[in-house]
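Trainee: The structure under discussion is supplied below as structure tokens; questions concerning it will follow.
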Amino acid sequence: MHKYLGIDVGTTGLKGLVVSEEGELLDSYSYELDMKVPKPAWAEQEPEDWWIGVYEILKKVSRTHQIDVIGFSGQMHSLVVLDENNEPIRPAILWCDQRTTPQCKEATEAFGGEEKVISKIGNPFLEGFTFPKILWLKENEKENFKKIKKILLPKDYVVFKLTGTIGIDYSDASGTACFNVKTNYWDEEILETFGINMDIMPELYPSYGIRGEVKESLQKELGWKNTKVVSGGADNASAAFGIGISKAGESMVSIGTSGTVLTLTDKKEPDLSGKIHYFNSVIQDKYYYMGVMLSAAHSLNWVKNRFFHSSDWTEIEKRINQSVPGSNGIIFLPYLNGERTPHRDPNARGVFFGISSLNTENDILRATMEGITFGLRDSFELIKEKTEIKDMRIVGGGAKNKSWAKIVATNFKMPVKMPKIDEGGAYGAAMLAAVGDGQQLEDVLKWVKFKEIIEPNYQDIKIYDDYYEAYKNLYKSLKGNFEELAKIQK
Ligand SMILES: Nc1ncnc2c1ncn2[C@@H]1O[C@H](COP(=O)(O)OP(=O)(O)O)[C@@H](O)[C@H]1O
Ligand SMILES: O=C(CO)[C@@H](O)[C@H](O)COP(=O)(O)O
């Protein structure tokens, strides 16, 4: 029996899954990672730490399993810079790092405005994306910039350490903000306009294309034979593939630390308003629209840890059911660390609005979940304007709470399906490995099964519609106040 290893190179940790050639989950491994915050709003990690963690996982896996193909999924957008000896020049600058606001502004202006940028690269220049980080290095770390021979994304660095080959797959390339969505190649004009040498961009590969064998010395050490590696994909694209999303209209809502809503599409048509992202999927000629909330389950954790630290998740679910839809008048804005979709506002902050002396702590808790759901609904509504949403699959830690999944289904006014295996990008990465091993894409997609379908609560639709309108209006009213607060805090 062939076995596959799917590894997700996440921000808070690594996850490794050993999967049989029929898709059965055989074993699971994890490794925690630290994130450095050298200055407020900065976020960095040492590429070597990802490699140390992956190496640890490989050693543990090898005690029980011979692996035939390894696949990767990885945090998107984070920049790794290599020198002429293929050594990292400095720590990686991560997707959640916000230092590049001036570079994004300058680049958008120099390039003739946001619409032109979006029509080429599918997205605006956003703080989190890779290209503005290269520009930041050019302006702020001139010596480091001069040393750059290649740039990579996190999972690609690990693939390099494993195989010695340098490259990137299309799904991660499309998140760099210098990849042209029309030509499916690096955008020469953008690179040239900003004086970035095309040679530093890695070669492009399909996500399930074999990139090479694990280095001989390492295979020997692990006791493996003929272990191959595929390029892998961006974490969101891999996670979607891992729950069987392969046709236009199939969609995912993920309630993890951050929150995402994405829908697969055949359209070569980015969102020119720049509110939702447009990236290549791990499947050739398929793309996806995606909205990203920065603090989804993170907001709930904040409330739980500060005010309900003695409650476990079962009690949290009980408590929200002791309140009512609409949380007896409380609205929560889940913008603890600013927001990406739909506002693109780093100054936005969390708000509990409408508290009266009749409210209980359970109303606060329910309002938190409802506010996060409204944030996801913002992305859902924007995607619906671009394309048809045919089905919805729900994943992430928050989806373990069925009452919350019901609130999501009611707000989206459609059933949400719970996959049997909900392991994020790592399972999708193992599926990519299986395709790289020669299995048919359609057969691998059949691995995905669902354990439950949650229907909307039709009687609550009207009340959620009303509160959702109030939620949207609240941000509009407070936008100026958030700016004022940010100025005072500076
Ligand atoms: N039963 C639950 N009910 C609500 N939220 C939960 C529950 N279990 C976990 N969570 C939330 O999900 C989060 C983890 O989400 P997950 O998708 O596993 O990870 P991450 O996005 O951090 O990689 C936890 O931090 C917690 O806030
Ligand atoms: O920036 C994005 C997508 O645009 C994030 O979704 C990162 O890709 C998240 O990485 P993890 O939190 O899963 O490590």
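Heads up, the Cβ atoms here are built off N, Cα and C, so glycines get one too.
Take a look at what TrEMBL says about it:
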- 4-242: domain 'Carbohydrate kinase FGGY N-terminal' (DOMAIN)
- Asp8: site 'Important for activity' (SITE)
- Met76, His77: substrate binding site (BINDING)
- Asp235: active site, proton acceptor (ACT_SITE)
- 252-435: domain 'Carbohydrate kinase FGGY C-terminal' (DOMAIN)
Trainee: What is the nearest of the recorded positions Met76, His77, Asp235 to Asp8 (site 'Important for activity'), using the Cα of each?
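Mentor: In terms of Cα distance, Asp8 (site 'Important for activity') lies closest to Asp235.
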Trainee: Restricting to the domain 'Carbohydrate kinase FGGY N-terminal' (4-242), what is the model's mean pLDDT?
Mentor: 97
Trainee: Within the chain of the residue listed as 'active site, proton acceptor', which residues six or more apart in sequence place their C-beta under 8 angstroms from its C-beta?
Mentor: Asp8, Gly10, Ser73, Gly74, Gln75, Met76, Gly424, Gly425
Trainee: Which recorded positions, if any, among Asp8, Met76, Asp235 have a Cβ under 6 Å from ligand 2, given in order along the chain?
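Mentor: Near the molecule: Met76, Asp235.
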Trainee: Inside 10 Å of the Cβ of Asp8 (site 'Important for activity'), count up the other Cβ atoms and send me the figure.
Mentor: 29
Trainee: State the three-class DSSP label for Asp235 (active site, proton acceptor), counting H, G and I as helix, E and B as strand, and everything else as coil.
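Mentor: Note: Asp235 (active site, proton acceptor) is helical by DSSP.
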Trainee: On a simple 10 Å Cβ count over all chains shown, which one of the binding-site residues Met76, His77 is most densely packed?
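Mentor: Per the Cβ count within 10 Å, the most buried is Met76.
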